[in-house]
Every structure is written in structure tokens, then in C-alpha cells.
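S.K.: Here it is, the structure, as C-alpha cells.
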Amino acid sequence: MPNERSKNVEIAPLNGEVFLTWEDLWVTASSMKNGDKAILKGLTGYARPSELMAIMGPSGCGKSTLLDTIAGRLGSSTRQSGEILINGRKQTLAYGTSAYVTQEDTLMATLTVEETVYYSAELQLPNSMPKSEKKQIADMTMKEMGLQDAMETRIGGWSGKGISGGQKRRVSICLEILTRPKLLFLDEPTSGLDSAASYHVMKTIASQCQGRTIIASIHQPSAEVFSLFHSLCLLSSGRTVYFGPASTAIEFFASSGYPCPTLQNPSDHFLKTINSDFDQDIEEGPTSKKSTEEVINILIESYISSDKYKDVQSRVAQICKQEGEVLEKRSHASFTTQSLVLTRRSFVNMSRDLGYYWLRLAVYIVIAVGLGTIYYDVGFSFASIQARGSMLMFVASFITFMAIGGFPSFVEELKVFQREKLNGHYGSGSFAIANTLSAMPYLLLVSFIPGAIAYFLTGLQRGYEQFIFFALVLFTCMMLVESLMMIIASIMPNFLMGLITGAGIQAIMILSGGFFRSPDDLPRPFWKYPVHYVAFHRYAYEGLFKNEFEGLKIHVGHKGKTHLMSGEDILKNTWKMDMDYSKWVDLAILLGMLVSYRLLFLLLVKAGEKVKPAIRAVMSTSPQQISSAETPLHVLAT
Ligand SMILES: Nc1ncnc2c1ncn2[C@@H]1O[C@H](COP(=O)(O)OP(=O)(O)OP(=O)(O)O)[C@@H](O)[C@H]1O
């Protein structure tokens, strides 16, 4: 039984066990319009190994905020104060030291349930474990979560229907319990599940409690689910109504004057009594009635003056005195294994997501046929100089510009990466490598097939070297656009804002690339220095133009006579190209830019990991500063 076990829990952590304490925790959100608003108001509590703690309360009472705060994931739009200690020490929790199942299911829509869990097992479980054992663990966990019948169904999402919402919830939980983490946070693990499924899921979670600290926020548990909880933290408008063993909560309500009616589910009674959203008077006998707000205040006062509150405080003080173990990151697969598994997973995802590359390939083929027919067999006349220039400019600007079309699919993949990275499944390095490697075959297809159609129909220089150079520039430019969009996505993951920003940046680079205004005529501050040199379009135009015009002879007719004009003269005099270096230097610069763009993405993601906790530390204010925003708890109690 939960209670008997919780009585025996030791104060000192053993073998990586985790004690979590929070004391006088305040969280405030500030907005220009409404000023400061306290979300959590002076909460104190603790979570111990071998216990399943439930955070309950009406919608909007601060359950998710409390979970995020103690898990070290609070957003930078809020300020926090108070002390959160792990094993009596100040330690950072995020990035790999615990697992967190978020309220939102962020999964790869194109994969089946089985693939999702297998890939995750390969990513998370250590290399020393045989593959068969990893598969066995994955199969067992799926079975525990009741997913055996949905194993071959795709997750589904915005691109098509797949498993149900409740099944998605179970897959999300499944992925986080694969490694049996010592500290597990679950935000609404049972939302979207029917009562039987809720019970089975919570029972599986509770059965893994031994030696583990599990904290779950939960909306409306059934009586059976409620009986699985060892301890309960009941909140109302960010204040503690009750904290202590789940089994004595009924007693507490009864002693405070609000006994649970016979045959009523205790959690229903608690939530009904403290939900002030639909304020109604609560019957207190044949004559008297009290508003919900008054009842909540009575319960809070009753809790603060109870032995339970003193017990919580003394237990927190006791745990804090122990300078226990420092949390270690979980051991997982090696960097190489993770990069390979992620490459495979990303490749499969790209092959199944029509919007990622296939649609682009089809559209590019149509455009290539269009280009090829408009500039069909361009010839060697004087007019062909302009035609060749325009055709190459279109390829280097607009065909590459369209590479932003895969951005929504990339943002979906990035969301999965952010969840997995935050839970410590793998690092940003393996993701950057995997994304680069898995995209390459598709981008080679997308640049070589439509490239060949446009190139040969137009009748550009007939040499394999020239065609391969042309396709390689196209390929590198598309990878550059994808890298640019990755950088943008790491700063603003909202895909509409990202698309607009990406399009704007590219428009500026195209403008200053040297075609629409020759390099010599570009205004010096800004457009020539630095934009012209930073824009990758400059090197793409230069490379493609040199590739096409070097060695070319144009037939110029003048007064009935024809003479030949060399491509080199056209490059120098008409296109104002810098002829001091070869086209291969341009390609090398483009490749260098590609590497630096990818490194910049990595740097930004890594910086985010360091900056976010730092911002949180700066945003943490002293309790005195925040408490002025709301009446403190002890004032309410007196
Ligand atoms: N960053 C924020 N800025 C402003 N208000 C916020 C912020 N985060 C949370 N809140 C507010 O704080 C309150 C608590 O939010 P929280 O998501 O923690 O509630 P909850 O109990 O988990 O709700 P639910 O059960 O409906 O998910 C809500 O009123 C919410 O609007």
C-alpha cells in the first residue's frame, strides 16, 4: 500500500535516488497590460524516491507551472523565487538528468508507433546493451502502455490521421520511461484517456516507482487512480490547499468542515470544493452557505495551522540538511550511434513526408521544363548573352529561394528534436549531422534531375564538367537556404514568422548579389560593404556565370560582318565579374559558407542551452520583491 511504503522512505538518497524540495516558491508573470500576476504563491513541498506524487487542482491553478518550475523548465517570460534543491543541493535539472512528459505530444507524424519507440530505444539505451535487449525493452514498454495493437499504425498529425489522441499520450509516456529514469515528471499523463486506460497507464507508472521519484500533474483521477498516489499536492489559484499523504486528504477535508459525501470520488469532492471558476455557494448545513473563495481560504488556513504543514516544513528542512548525491546525466548510446540512428530516422521521415522533398521535386521539374522551353536552344547570338544571364540568375535566385518550402516539415522535426534534447536523449551535434546527411540524397535528386532538364533544354555549354559544376552550385545553394532556415527556426520556431523572415533575408541577398545592380554601382555602405560580400548569391552568380561564359564564343554581327566575342570579355565588361580567381573558388566559398551556417545553427542551439538557465537565474528575484505582487500565504492564514 502506498502509505506503508512512504513511511519507510529514508531521508538520505541511495544509488542515484532523488529527493526534490521546494521552499517558499513564487512564480510571477509580468505583462505590459496587466502588470505582475502571481501564478504560484509561496509553495513548499517535497518529492521522495519510491513515491508517486500527484499535483491536483482546478484548471489554471498552476499545476503545469509548478511542474515546470521544479523541473527547471520555466519559460523566460516568468520570474521565480524560492529555493529548489535536489538531494539538498542546488543543481540544474534540465538537459538529461530527468525525464519529462509534456502536455503536448510532440512526435514524428510519419513514423509508426513501433518505429518511434525502437528508434528512441536505440538513441537512449547504452551501446553496451545488445540490440535484441533494446528491442525487448521497447516491446515490453509498448505492451505495458497497451500499445500492442497500434504498433504498426503511423502516429499521424497535420499531414494525415494516425493513432488516437490517447494513444499518442501513451507513446509519449512510453518514450520517457524506456530508460526507467530516477526522476520523472508527467504533465497530464491521462488527458485524452478513458477511465480504464487512465488506470492502466497510471498503474504501470506507479509500478515503476521503486527507487524513483515520480511527479504527475493530473486533472480528474478516478477513485482507483487516486488510490495509486502516495502523496498529494492540492492547489487552488497557486496556493497550497493540501500537501501530504494522499490517503489522509479525506480526513483533512473532513476535519476542516468539508467531509466527502459517501459514495463520492474523493478527487471529485476536492476539486468541486476548491474550484472558484464558476463561483457558487457551498451548502454548510441547513441554513448557512459560503462562497467558494471563502471555503478555499478556510481550507488554506486550516492547512497552515495543521500538523501536516509543520511536518512538511520539518521534512523539507531535514532533506535540505543532507548534502546528497550530485545528479549524473543518464548513460546513453554513443555519439556515432546517435548520429547514425538519427540520420536513418530523419531519412525515413523525409521519404514519407510528401511536403519535405517530393512535392518540391515535382514543382522543380515543372519549372525546369518551363525554363527549358522559354530559353530553348538559346544559341550563340548577341541576344543570347542576356538570355543566358537571366536564366542563370533565375536558377541561382528563385530555384534556391524555393528551398524554404520544406520549412514547415523541418519545424515539425525541430520540435521533436527540442523535446528529445531537453530530456537528454541526444545532443545538438548529432541532430545537425543527421539532418545534413539525411537531406543530402534528396537535395542531390532535386538539383540534378530538374537541373539537367533546364540545362540541356536551354543548350548551355555542353560539357560534363560544366553541367556538374552547375548542379553542384544549385545543390550547395539549396543546402545553404535550408541551413539559413535552420538558423531562423532555432531563433523563432513559429513557422509563419520564420518563413517571412527567411524570405526577407533572401530578398536582400538577391538584391545585393550583383545582378540587379552591378557590383560597382551598389551603394557602398551597407549594400556593397558588407551585404554584397555576405550574400551567398554573389558567389553563386559569379560561379555560374564563369562556368557558362568562360571559353564561350558569341557571334556578334556588325554592318553585315560577324565577329566572335569571347566569354571572358563578356564576364569582365558586361557582368562586371571579378576575374582574379576561378569558378572553383566561388564553389569553395559557397561550401565554406555552408559549413559556417551549419556551425552557427549548432552554436545557437548550444547557446540556448546555456543562456536559458542563465536568463532564469537572472529572472529569479528575491521573495520580498515578488511577494509585493500578492498577499503572502501567512498573511492569509492569520
Ligand atoms: N507565461 C505566462 N504568462 C502569463 N500567464 C501565465 C503564464 N504561464 C501561466 N500563466 C497563467 O497561470 C495560470 C496557471 O497556468 P498553468 O498552465 O500552470 O495551469 P494548470 O493548472 O496546469 O492548468 P490546466 O490544468 O488547464 O492545464 C493560468 O491562469 C495561466 O494563464
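The chain as shown is numbered from 1 upward.
Every residue, even glycine, has its Cβ placed from backbone N, Cα and C.
What TrEMBL says about a protein is an automatic prediction, not a curated fact.
Pasting the feature list from TrEMBL:
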type	residues	note
DOMAIN	20-262	domain 'ABC transporter'
TRANSMEM	354-376	transmembrane segment
TRANSMEM	391-411	transmembrane segment
TRANSMEM	432-455	transmembrane segment
TRANSMEM	467-488	transmembrane segment
TRANSMEM	495-516	transmembrane segment
TRANSMEM	584-605	transmembrane segment
S.K.: List, by number or range, the same-chain residues at least 6 past the transmembrane segment (354-376) whose CB is under 8 A from its CB atoms?
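M.R.: Sequence-distant neighbours of the transmembrane segment (354-376): 159, 387-388, 390-391, 394-395, 399, 402-403, 405-406, 408-410, 442-443, 445-446, 449-451, 453-454, 456-459.
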S.K.: In the same chain, who gets a Cβ under 8 Å from the transmembrane segment (467-488) while lying at least 6 residues past its ends?
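M.R.: Distant contacts of the transmembrane segment (467-488): 395-396, 399-401, 403-404, 406-407, 410, 414, 435-436, 439-440, 443-444, 446-448, 451-452, 455-456, 460, 498, 501-502, 505-506, 536-537, 540, 543-544, 547-548, 583, 586-587, 590-591, 593-594, 597-598, 600-601, 604.
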S.K.: Averaged across the domain 'ABC transporter' (20-262), what pLDDT does the model get? Just tell me the whole number, please.
M.R.: 91
